[in-house]
Amino acid sequence: MDSIAIQGGAQLFGDIPVSGAKNSAIKLMAASILTDQPLLLTNMPRLADTRFLGQLLRQFGIEVTERDGADGQESLFHAAELTSTFAPYDLVRQMRASFNVLGPLLARTGEAKVSLPGGCTIGARPVDLHLQALTALGAEIELDEGYVTARAPKGLQGAEIEFPFVSVGATEHALLAAVLAQGTTVLRRAAREPEIGDLAQCLTAMGAKIEGIDTDVLTITGVSSLNGTTWSVIPDRVEMGSYAVAAAMAGGEVRLTKARAELIGSLTDKMIEAGIEVSPTADGVLIKRDPKQRLKAVDVETAIYPGFATDLQAQFMALMTTAEGVSTVRETIFENRFMHVPELARLGADISVHAGEAHVNGVEVLHGAQVMATDLRASMCLVIAGLVAEGETTVGRVYHLDRGFERLEEKLGACGADIRRIKGTGDEH
Ligand SMILES: CC(=O)N[C@H]1[C@@H](OP(=O)(O)OP(=O)(O)OC[C@H]2O[C@@H](n3ccc(=O)[nH]c3=O)[C@H](O)[C@@H]2O)O[C@H](CO)[C@@H](O)[C@@H]1O
Ligand SMILES: C=C(OP(=O)(O)O)C(=O)O
């Protein structure tokens, strides 16, 4: 198992290019199942998650080709013919979004058998809303021995679906199935995260008919087939936000490029409140901070988009560990997303947790230690804390981090961070 070692204390100066969004790329990849024409995705991140999903798509008989192109890394998916509609446990357990192949397989072929998903253990994360949506679209669903078998021998039928609460995955899943259903589907209380807009726009370029993109009501008029297209993956707002926080923590001046400032508006508002200089640029954002000036503690509460992203909660908490005063961090999306707290405590952070709320009492200094990544974004929070902790911090289990951060050591190292990967051996999971 690899680990990452960071020698704290270096300020960061330079540019960090933001990669394509993992949470968009993996849903766009699932969209390739819907057509027998090639789908070319550009600005593709190379991550463990995109690799796993590529393996799963190959298992269905989809040709997957990766190459370098004018708009960054590219991946071509060609599902000319599907030779299997079975998604085994070993290929689905690694990540949450692999479950979202069920809807498109069902929509294209009328049946599929997919293992229940894995992903970060940040909560119970059931898939009831996914299954309710597919059932409303006319699928017959059976659950047996950890697998979902879905059948729609006469094809899917459009339906009115009102989600009881907002779910990113269930919205995307319903969308991926409804585009090929007969008739009109209306999704109410739909999630409107930018990655869903990206997916909906790509599907539209493939010939789908979708109204209300980027709103919480999506109206989809089913079509009988979709064509291929070329689509550039939206910038990764979680990666962008993570490096914005890293720059703020270490101090210095870092420009995040190939990105869009408005994607992290709820984060940068809080960063400004804490005393960090944030200036939007033509293709991203510039973060400046004099590390001699202590930040002010500010409170955050996670929420659905455009609120403060749960995927940036751990990173922001790391920033607050050395701010002046007490910051309250409320997690409202996942019931178990504070696993980084005991790890931050190893570095000297003073944090107490009561139900869904963490109180971070800022300390003057953190001290390097051995810590363990517990999930994807928590790994980044430990790296961020390590950037200022006195001495060396070693973050173990970075296979979590590799799911969602591309070339992390290279990107931070280019700005002056003293960071290196220590290669491990053996099975990663
Ligand atoms: C691969 C991907 O894109 N992952 C993102 C996606 O996860 P994911 O799609 O899993 O997140 P959801 O928005 O679905 O989950 C929100 C809440 O709804 C609950 N729920 C969800 C579905 C369901 O059928 N039943 C149910 O109870 C979940 O347990 C959670 O408490 O959105 C989250 C919220 O922005 C992000 O943190 C994840 O990074
Ligand atoms: C929680 C995440 O991923 P997943 O939903 O795949 O677990 C994430 O991207 O932060």
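Indices start at 1 and increase along the chain as displayed.
In case you wondered, yes, glycine gets a Cβ from its N, Cα and C as well.
Taken from TrEMBL, the feature active site, proton donor covers Cys120. According to TrEMBL, the phosphoenolpyruvate binding site annotation covers Lys22, Asn23. Residues annotated as UDP-N-acetyl-alpha-D-glucosamine binding site in TrEMBL: Arg96, Arg125, Pro126, Val127, Asp128, Leu129, Asp311, Ile333. Look at TrEMBL and you will find 7-412 tagged as domain 'Enolpyruvate transferase'. The 2-(S-cysteinyl)pyruvic acid O-phosphothioketal annotation in TrEMBL covers Cys120.
The structure, with features from TrEMBL marked on it.
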| residue | record | contacts (Cβ under 8 Å, 6+ apart) |
| --- | --- | --- |
| Lys22 | phosphoenolpyruvate binding site | Pro45, Leu47, Asp49, Thr50, Asp236, Val238, Glu239, Arg403, Gly404 |
| Asn23 | phosphoenolpyruvate binding site | Ala97, Val168, Glu193, Glu195, Asp236, Val238, Asp311 |
| Cys120 | active site, proton donor | Arg96, Asp375, Leu376, Arg377, His400 |
| Pro126 | UDP-N-acetyl-alpha-D-glucosamine binding site | none |
| Asp128 | UDP-N-acetyl-alpha-D-glucosamine binding site | none |
| Leu129 | UDP-N-acetyl-alpha-D-glucosamine binding site | Phe163, Pro164, Ser167, Ala170 |
| Ile333 | UDP-N-acetyl-alpha-D-glucosamine binding site | Thr302, Ala303, Ile304, Thr310 |
Which of the recorded positions Lys22, Cys120, Pro126 have a Cβ less than 6 Å from any atom of ligand 1?
Pro126
Measure from each Cβ of the recorded positions Cys120, Leu129, Asp311 to the atoms of ligand 2 and list the residues where some distance is under 6 Å.
Cys120, Asp311
Please report the number of other Cβ atoms within 10 Å of the Cβ of Arg96 (UDP-N-acetyl-alpha-D-glucosamine binding site).
19
Model confidence over the domain 'Enolpyruvate transferase' (7-412) (mean pLDDT, whole number)
96
Within 10 Å of the Cβ of Arg125 (UDP-N-acetyl-alpha-D-glucosamine binding site), how many other Cβ atoms are there?
18
